[in-house]
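Shown next, in structure tokens, is the structure this report addresses.
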Amino acid sequence: MMYFPNILFHTNSHIATTLVKLFSGAKSYSNLAFVPKHIPPNPDDLNRFQHFLENSGLLCVLTGAGISTESGIPDYRSEGVGLYATSNRRPVLYQDFRSKEHIRRRYWARNYIGWPRFSNFQPNNVHKVLKYLEDYNRVSCIVTQNVDGLHSKAGSRNIIELHGTAHTVMCLSCDEKISRHDFQKVLNELNPTVNAVSQEIRPDGDVELTEEQMEGFTLPSCKNCNGILKPDIVFFGDNVAKRVVERVQSEVNNADALLVLGTSLTTFSGYRIVLQAIEAKKPIAIVNIGETRADKHANVKIESRCGDVLTKTFTMLNSNNSNNNIKLS
């Protein structure tokens, strides 16, 4: 059965037209400063990927930092441009954040300055294509390792944020939650004289500040129990909640195939999703710049930029259908 061409191009010209408009405006959504060196996908790769999409049925999609780099958000591990390659800084560990006030003060001071820029990043073509595929029942669920909320901004609905979201703040004692935008107002009221600007940004939204800039930064406590407030994200050294893991397992079971976009699968929380698909003998396609832990298990593996692969694949699907004669500008 030919799933994607039938839905996208033979019976529904609306989504074809929408995708054309989307790709025509690609520059509006792309910032490739933090995308590592890569080569364009070759025709054979695109043909194999097209065949996978046409014949794989309902997709569960696993996304990683490699799709958000196309929106201008750096990742940790990309060769030459990731945080590990460009600095000696490492992410804050969960136990350090929980037990050391000076670590929390430093984290929140940096995050306070970086938040306005981080919260303004916009979805790129990858996010938007996945949203449209969900609208037309080709994508059943998006499981993302990213905390930036860009899938939600793009309009996707069935999203599992595997590592949480930077757009919410939680109390470690009573689980009270507050939106990050409202929390920014609280920080601003407590720190009216803090006024620093940084052109740098990190994967979780904080920036580099001097000790002088961080000195005297006032931290709020939970208004309900006076507990410690933390971004609602899974820090390094913490674990993904059991309820989240179980929901992911259910979504993978219900899907016909797994599509992996923009992740090397270094963290086990992402890799075990692929292991589940392997055990269930579900087809797997991976698009990522560089190697991943699951390359040998993939039915299709393309080492190119996700936005490039998706754009060119749908251009091919469109050009292969003579009924609509829709051309990309």
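Glycine too: its Cβ is placed from the backbone N, Cα and C atoms.
Curation plays no part in TrEMBL annotations; they are all automatic predictions.
These features come from TrEMBL:
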DOMAIN    39-329  domain 'Deacetylase sirtuin-type'
BINDING   64-84, 145-148, 262-264, 288-290, Cys306  NAD(+) binding site
ACT_SITE  His163  active site, proton acceptor
BINDING   Cys171, Cys174, Cys222, Cys225  Zn(2+) binding site
Legend entry - Candidate recorded positions His163, Cys171, Cys174, Cys225, pick with smallest Cα gap to Asn288 (NAD(+) binding site): His163
Legend entry - Cys225 (Zn(2+) binding site) and Gly64 (NAD(+) binding site), Cα-Cα, nearest whole angstrom: 35
Inset, instruction - May I ask for the distance between Cys171 (Zn(2+) binding site) and Asp148 (NAD(+) binding site), taken between their Cα atoms and rounded to an integer number of Å? - result: 20
Inset, instruction - Compute the C-alpha separation of Cys174 (Zn(2+) binding site) from Asp148 (NAD(+) binding site), stating it in Å without decimals. - result: 24
Inset, instruction - Grab the pLDDT values for the domain 'Deacetylase sirtuin-type' (39-329) and give me their mean, rounded. - result: 88
Legend entry - Cys225 (Zn(2+) binding site) and Gly72 (NAD(+) binding site), Cα-Cα, nearest whole angstrom: 37
Inset, instruction - Give the three-state DSSP assignment (helix, strand or coil) for Cys171 (Zn(2+) binding site). - result: strand
Inset, instruction - Compute the C-alpha separation of Cys222 (Zn(2+) binding site) from Asp148 (NAD(+) binding site), stating it in Å without decimals. - result: 23
Legend entry - Rounded to the nearest Å - Cα separation of Cys225 (Zn(2+) binding site) and Asp148 (NAD(+) binding site): 28
Inset, instruction - Run through the Cβ atoms and count how many others sit within 10 Å of the one on Cys222 (Zn(2+) binding site). - result: 18
Inset, instruction - State the Cα to Cα distance, in Å, between Asp148 (NAD(+) binding site) and His163 (active site, proton acceptor), rounded to an integer. - result: 10
Legend entry - Ser68 (NAD(+) binding site) to His163 (active site, proton acceptor) - Cα separation in whole Å: 14
Inset, instruction - For His163 (active site, proton acceptor), write down the residues of its own chain that are at least 6 apart in sequence and whose Cβ falls under 8 Å from its Cβ; none is a fine answer. - result: Gln145, Asn146, Val147, Ile233, Val234, Val240, Ser269
Legend entry - Site with most surrounding Cβ atoms, counting all protein chains shown within 10 Å, from the binding-site residues Cys171, Cys174, Cys225: Cys171
